[in-house]
Structures are given as C-alpha cells and as structure tokens.
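Colleague: Checked TrEMBL, it gives:
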TRANSMEM  A:6-22  transmembrane segment
TRANSMEM  A:34-53  transmembrane segment
TRANSMEM  A:59-77  transmembrane segment
TRANSMEM  A:86-111  transmembrane segment
TRANSMEM  A:117-138  transmembrane segment
TRANSMEM  A:214-239  transmembrane segment
Amino acid sequence: MTYTSVWIAFAFVLIALLLSLWQRIGLEKEIAIGAVRCTLQLLAIGYVLQFVFHTDSLLFILLMIAMMIAVASWNAASKGKKLRGIFWRIALSLAMTELLTMGLLVALGLVSPTPQYLIPMSGMIIGSSMIVCSLFLSHMNREVETSRGEIETLLCLGATTRQAVQAVRKRAVKASMIPTFDTMKTMGLVQLPGTMTGMIIAGASPIEAVRYQILIMLSFSSATAVSAVLISTLSYRLWFTRDAMLHP
Amino acid sequence: MHSVMEIESLGKKVLSAASTWLFHDLNAIISEPAMIGILGKSGQGKSTLLRILGRLLPPDSGTIRLNKKEMTQWDSCAWRMKVSYVAQQAIMLPGTVEDNLRTVSVLHQRPFDQKLARALCEQLHLEQVDWSKSAEQLSGGEKQRLALIRTLLLQPDVLLLDEVTASLDTASKQAAQQLLVDLHTRTGTTILWVTHDLEEARSSCQRIWFMADHQLQADLPSHSFFQSPPTIQARDFLQSAHAHAAREVHS
C-alpha cells in the first residue's frame, strides 16, 4: 500500500465531517483531532517498530513494553483519580500480567522470542489487561458507593478492611472479567478479530491466521484473570483511610 | 479512678474544609459502665458523635480514650470490637438470617454461640423467624432486631446505638429496652443510646447527654435532667418533645 492510498483514505474522514456538519452533531473537532492523532501515532509507531525490528535489541523491546505499560497505566488510572497511588498499582499489575503471560507463551514455545512477535502480542495483552483494570476501578467505585452500609456494618463488627470489602471486591472482579469471556463466546460469529483480519489481508492463509487468533484469545483469558485479581488485591486498601475508615 | 471512656475537646466540622462546627469542645468522662441517653434536636450531631466514637468518621479536633489508651494507639479492628456502632438503618449482610448471626464468629474465627443467639432472638421476639430465610425478606423491625443481636454476639464493652428502636412496634421496643437494661446490668456493657423517645431514655438510662448549640450542654443523672432541665434549650426541648408525644397519643 502506498502513501497515496492512505491520503485517499482520508475521504472517509471527510464523509464523517460532512455528516457531522449537515446534521449539526458538533463533532467536527473530535473527528479531525481523532483522525490526525490516529494517523500520526500509527505512523510514528510504524517507524519505531521498524527500527526495533531491525536492531533486534532486547533493550529496545523492553523499552517498548515499558512504554506500553506506562501509557496503559496512565489511561486506566484516569478511572481512579481519587485513589492515591493507583498508577503504580496498575503498572505493577500490568507488568506482572505481561511477564506471566508472555513468559509462558515463550517458555512453552508458542511464540518465538523475536520483536516481531513479542511487541505486538505484548501490546494486545497489555491493552486487554488495561481494559480489565479500568473496568475494575469503575465497578469498584460504584460497588463501594452502593454498598457503603454493608462495608461499614462489617467494620463495626470488627472486620479488617480486607474482610469488609471482600464481597464487594469479588463482585467488581467478576464484573470486570465478564466482557472478555463474553467476547470469547461470540468470537468468529459476531466479530472477526484484528489479528486474524490483518493477517488475512497481509496474505496469510485463513487457517494460520485463525491459529494465531486462538492463541491470542486463550492467552487473554489468563491475562484477564491475572490482571483483575492483581489490581483488586493491590488496590482495595485505597478506598479506606489509614485509619481503616471508608473515604467520604 | 478507672474510666471506661474519656472524650476531650472533641469537635467535628459540617464539612472538613468548612469553618462551621457541627459540634466542638465536647468533653465527657464515662467513669464507670453506664447507660447514657443522648438527646437533642435533629441536626445537633448526635449520630455523627456515635460514628466518630465507633471509628467510622474522623474527628476534626480532640481526643478519645478507651481504657486510658488513645484511639489512635488502638488498632482499628480492636477498637471496633470493643466499641461497636449499630446504625439506625439496619443493613442486612448478603445471605440468610443464620449467615448474619454467624458473621462475628466467621470474622473472628470463634465458635458460634448458638445458645446465646437463640436466647437473644427469643428475648427480642424473633424466635419464630426461620434462620434459613433470606435476611432481606425480613420486615424492617425484624431486620433492626437482627442487626442488634448480630452486634450483641460480638459482646463489645461499649455499645453505640443510633435510634435502634425507632422502627419497632411498642412490644418489640419494650423487649429491646429490657434486653439492653439486662445486658448492662449483667455484663457491665456501657451503652450510648441516641433516642428521640424520652420515656425510653428516662426509664432505661442512668445519665443523659444533651446536645444543643453545637455543644454538649448537659451531662447529668437522668432524674436531674428530667426534673430540672439545666438550660433553656433543654427545657424547650423537653416541652416540645412532650407536646409532640401528647399530640401523637391524641391522634
């Protein structure tokens, strides 16, 4: 594909802009910013990836993964702005999830330890775990608010913060994991996932593309569970004061 | 002299950042186990005081000591096992009546005192309630009594009761009152009881704390408070409460 084709593809953005103007939706700025940012970010990452693939250096691979974890943590932490120290807890959860999942994929010989595999797959694992962390924080915020009475009742009976928030935490973990497993149930019937589609467009055989997609989806299941349990374990205390009272 | 609890210059602001005090400079000593009725108009901070004592809210000033040891030096769980708060709105924990009754034994890995639980249920007229029933299915009054029993099974030294009899019918209210008086007499549990029922306070409590004008205006033996209210606000409060009670009886 040439750059000319990419420029021509901006016609789609033009359609969105014209519709927004005609229907007075008022999203022209968002559409323009979204399109420009998406293009620039993808172009930049394309060049970065090309450089990393060529150098084949472990340091650059680790730097790329660290950057992904930092951006994902910053993004997920926006769901827990009131929670002090949530960024580092998310970062730790994502790093541990990545280490465990990628470590297993490489150790079991399922993917070869080259930048071509490590970076895109890490991106997908970190991305899906980021969504799980965001969902956990949203659900936990809501659950703690609606279950204040339940938590305080348990505190009044001498429960530790861990005991008092246990049921609430379990509900939030469950709610943050459900979307991944729901997606898995309809995979191939409702959605044709990105990796598979991309590989087919790039000329791979559909069967090979499907095999990779299965590998990715199955590794997502463990990444989802690991990140949800980790972030809940590392963060539940943040809803309490040092004195073990619920924050107002 | 040994004292159960000492409250020194305690204050709570309406909002943490605001300069308006809900109450301030509150001083009191509970020198021996007692039943204390906390009276006052709505909005004087009675429930907030109990929530601070139960370590559910932080004070904005002052100190509280239990058995001569400052609140901050206590582990929060240990404090709450000694000083337990029962809310006006009874909250049932997920599960059955029995699950709720067993909460304390599960939390603290103690054997469940079924005999005591049955005796308390009987005293509060809950002997007919099926323990396998979902706690959420109980009526408001039953929930309130179950919440009280759940806390009594913890056997705290100080019980903080926030209008716990407000939603009960007359018979259940009297049973609860009798149970609390018996508990205090038998075990020496100190009970701080926020109530709007003057008769309940007069007949059950040895002392009265009266809150008005952002302060603890009176800490007197119950008979003294009711016979000769010490301030104009206390006199007005008793008069309007009596008038209200008379209107209710009349209607």
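Cβ coordinates come from backbone N, Cα and C, glycine included.
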Colleague: Excluding the flanking five residues on each side, which residues at least 6 beyond the ends of the transmembrane segment (A:34-53) place their CB within less than 8 Å of a CB in that stretch?
Modeller: 6, 10, 13, 60-61, 64, 115-116, 119
Colleague: Which sequence positions outside the transmembrane segment (A:214-239), separated from its termini by at least 6 residues, show Cβ-Cβ distances below 8 Å to it?
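Modeller: Sequence-remote neighbours of the transmembrane segment (A:214-239) are 80, 83-86, 89-90, 92-94, 96-98, 100-101, 104-105, 110-111, 121, 124-125, 128-129, 132-133, 136-137, 140, 144, 161-162, 165, 169, 172-173, 176-177, 180-181, 184, 187, 193, 195, 246-247.
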Colleague: Give the nonlocal contacts of the transmembrane segment (A:59-77) in its own chain as ranges (CB under 8 Å, at least six residues past its ends).
Modeller: 48-49, 51-52, 86-88, 90-91, 94-95, 98, 115, 118-119, 122-123, 126-127, 129-130, 133-134, 137
